[in-house]
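Visitor: This is the feature table in TrEMBL:
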BINDING   Thr27, Arg113, Ala133, Ser172  L-threonine binding site
BINDING   Arg50, Asn54, His59, Thr109, Ser135, Ser143, Arg186, Tyr222  ATP binding site
DOMAIN    5-190  domain 'YrdC-like'
Amino acid sequence: MTYEPKSVEDAAALLRAGKLCAFPTETVYGLGADATDADAVLSIYETKGRPRFNPLIIHCADLAMAETIAEFSPFARRVAALWPGSVTLVLPAKAGNGLADVATAGLDTVAIRIPDHPIALALIAAVGRPLAAPSANPSGRLSPTTAYQVRLGFAGKVPVLDGGPCQAGVESTIIRVEGERLVQLRAGAVARKEIERLLGVPVEVAEKDAAIAAPGMLASHYAPNALMRLDAEPVAGEAYLAFGRVQEFAGVTRNLSPGGDLHEAARNLFSMLHELDAAGARVIAVAPIPEWGLGEAINDRLARAAAPRG
Ligand code: TXA
Ligand code: MG
């Protein structure tokens, strides 16, 4: 049996000793390591089976910690008012910031966020160093929103600090700060329009080949075991991932949000895909999801889950 940390202090002790520990955030569970410890960060890549060219998000406890690893212009500081929260900012890395090169895949930028979750914040503060943490799932699989899903994904081999289910349910929105421009590299838990409203600054959308800008944006990602059909009505023998008011269906069904609420749908997305997988579904028909608000992030994850597997 893997040793399970029972408290923030237990988990911090593991991380300070160069071990991995999964921990809750408001978006999804992260697979954490001390971002200044190259060996610890390397074991993230090994454990996930993650390509080395795919840099990690660095989680900080507060702005003071973030300022030790990245350069903040006055404009970037304004944008950082979104923290703590489900937005990751890509900023120029600070020289000599102490981060392991493998954490940033040798880029001269760094992706940072301050999570809006009391356990995550207490943990980073207790470790006293920034934590590298990708979603706590084997590379290419569904992201976990409960400690149970983390244990399942890694067959119980990774210690998990259990903080209950994640509130947002999809990963953070990734925004690159370029001078005074904001470019969204990944749609996520905070809708683009919401960021524009909060900051009063337009948010551009990166070109489709932002795969290069955010190397993690591989086409096939977030894959359940089942095949997926999007914008579809289910037929006999399929499972159904519904949204809003839908017709009765006799097969295994989960409804992301019967009331048509996109926040609720985002929160349920990965867990319901996990459940349909666990129910043995071979094909999942997915109802159409509107593209506004958080629909952008939900449709992005669904498109990746449905993409041909490499
Ligand atoms: O909500 C989240 O963001 C979760 C929780 C645990 O915080 N983390 C997460 O990490 O989703 P991960 O590793 O699954 O996704 C990190 C993404 C990848 O697409 C990666 O390519 C991109 O961030 N990224 C990291 N550093 C970057 C950089 N310097 N420039 C552009 N993209 C970067
Ligand atoms: Mg991930």
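Using the three backbone atoms N, Cα and C, a Cβ is placed for every residue, glycine included.
Just so you know, TrEMBL annotations are computer predictions that nobody has curated.
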Visitor: Three-state secondary structure of Arg186 (ATP binding site) from DSSP?
Guide: strand
Visitor: When a 10 Å sphere is centred on the Cβ of Ala133 (L-threonine binding site), how many other Cβ atoms does it contain?
Guide: 27
Visitor: Kindly state the mean pLDDT of the domain 'YrdC-like' (5-190) in the predicted structure.
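Guide: When the pLDDT values over the domain 'YrdC-like' (5-190) are averaged, the result is 96.
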Visitor: Around ligand 2, within a Cβ distance of under 6 Å, which of the binding-site residues Arg50, Asn54, Arg113, Ser172, Arg186 show up?
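Guide: Within range of ligand 2: none.
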Visitor: Can you list which of these binding-site residues (Thr109, Ser143, Ser172, Tyr222) have a Cβ closer than 6 Å to ligand 1?
Guide: Thr109, Ser172
Visitor: Counting across all protein chains present, how many other Cβ atoms fall within 10 Å of the Cβ of Thr27 (L-threonine binding site)?
Guide: 30
Visitor: Restricting to the binding-site residues Thr27, Arg113, Ala133, Ser172, which ones have a CA within 10 Å of the CA of Arg186 (ATP binding site)?
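Guide: Close binding-site residues: Ser172.
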Visitor: Quick one: among the binding-site residues Thr109, Ser172, which has the most Cβ atoms sitting within 10 Å of its own Cβ?
Guide: Ser172
